[in-house]
Protein chains: 2
Amino acid sequence: MKQEKAVILLSGGLDSATVLAQARADGFEAHALSFQYGQRHDAELRASERVAAALGAASHRLVRLDIGSLGGSALTDASLRVPEEAGEGIPVTYVPARNTVFLSVAMGWAEIMDARAIYIGVNAVDYSGYPDCRPAFIERFQALARVATRQGLEGRAPEIRTPLIDLPKAEIIRRGLALGVDYGLTVSCYQADQEGRACGRCDACRFRRQGFEQAGVEDPTVYQA
Amino acid sequence: MKQEKAVILLSGGLDSATVLAQARADGFEAHALSFQYGQRHDAELRASERVAAALGAASHRLVRLDIGSLGGSALTDASLRVPEEAGEGIPVTYVPARNTVFLSVAMGWAEIMDARAIYIGVNAVDYSGYPDCRPAFIERFQALARVATRQGLEGRAPEIRTPLIDLPKAEIIRRGLALGVDYGLTVSCYQADQEGRACGRCDACRFRRQGFEQAGVEDPTVYQA
């Protein structure tokens, strides 16, 4: 039987690596898609290459989008500080419309390949409160996908799959380990250094470290001295 | 009174120039947004600069997106021929998910500036049959915009405005002329040459030429010899 294709949004972090493993476990031929969008943490992109190779992606594309030049986020604007303490509301690391842009490009690639699913590792439990990580956002993007492309009009819109959306971080880690993910290959930190070592202090590091603690497994993250 | 901002998707073609003039006439401070996405017709981008200046845009940004590298369209893939005769169905000049990607980036920029509207020159009358030019697509993108960003969650989602969506090309031209658009500055052709001269044979040229004829006004387009 012909294997169906799926597009996997792969940042090189913990969540997206888990999602790639899940897509493979679900039986898809997995095509990984990463973005260079002016983010500071370029170490993520090198991680995405390691992860795609280790988890058997059939292909891996890197698309450059210079949305960072529009400003508005500490992840793409070196003049803004990445916060190192928990705050209220949507933090300054939020990149406006990022997941909408990423899903849109994934939808275009899905149409070109006739892929039947798009996997995205959004999570609305141990997360930073970004609007485009919530179920309401995913549902409306799915509705859009049904009318936005030729594939959609033909009743073959890709299914937007969010296997992590309601899982606590510890659960995500347990699931990934069961699927064979080596989290030592992944980089989650918003301000990792050139070698991919994590700061241990930003939001992404805090959620990740807490996840390993709660899962009761060893944290393979390499932290800066 | 403070002037509200709007983002205008500006390709440099006839429709988007008209839409920029409309946004100015509607009282907005107009911020033009153009994309370099691997399209063959780069002459459009130079046209977009002329048009933004001539019609008083408050700013003009060019964002590079290498979605053309994913393939799938005659507009970005030099190995596919741009058709020069009317055909059936969605033509090969269709770029998968293009308007979704463009509107997503516009939505991000709108949030950064707190713009209250996004103008896009889609048209579902004298058009090529692209799925992402139809009212159903725009409605679902509007619904998405209400939940996709911080601005949306605060009840301040930009309004997606499509002033040309149900107008025949001749009507668009009449409206633009009344608003002071100089169509001699615009380039619509899918395969214009380096000087911006039109082929006169592709879909875009055919709809445009027919529009000027039906409007009963002189066609300022410079065609290739």
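Quick reminder: no glycine exception, Cβ is built from N, Cα and C everywhere.
All TrEMBL annotations are machine predictions without curation.
Residues or ranges marked as ATP binding site by TrEMBL: A:L10, A:S11, A:G12, A:G13, A:L14, A:D15, A:S16, A:A17, A:T18, A:V19, A:L20. Positions annotated as Zn(2+) binding site by TrEMBL: A:C189, A:C199, A:C202, A:C205.
Projection of TrEMBL feature records onto the structure.
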residue: A:L10; record: ATP binding site; contacts (Cβ under 8 Å, 6+ apart): A:S16, A:A17, A:V19, A:L20, A:A32, A:L33, A:S34, A:S48, A:V51, A:A52, A:A57, A:H60
residue: A:G12; record: ATP binding site; contacts (Cβ under 8 Å, 6+ apart): A:S34, A:A43, A:E44, A:L45, A:R46, A:A47, A:S48, A:E49, A:R50, A:V51, A:T186, A:V187
residue: A:L14; record: ATP binding site; contacts (Cβ under 8 Å, 6+ apart): A:K169, A:I172, A:I173, A:G176, A:Y183, A:T186, A:S188, A:R208, A:G211
residue: A:T18; record: ATP binding site; contacts (Cβ under 8 Å, 6+ apart): A:G121, A:P163, A:L164, A:I172, A:I173, A:R175, A:G176, A:L179, A:V181
residue: A:C205; record: Zn(2+) binding site; contacts (Cβ under 8 Å, 6+ apart): A:S188, A:C189, A:Y190, A:A198, A:C199, A:T221
Residue among binding-site residues A:L20, A:C199, A:C202 with least C-beta crowding, 10 angstrom cut-off: A:C199
Protein Cβ atoms within 10 Å of A:C189 (Zn(2+) binding site), excluding its own: 26
Remaining residues near the recorded ATP site, that is with C-beta within 8 Å of the centroid of the site residues A:L10, A:S11, A:G12, A:G13, A:L14, A:D15, A:S16, A:A17, A:T18, A:V19, A:L20: A:S48, A:V51, A:G121, A:T186
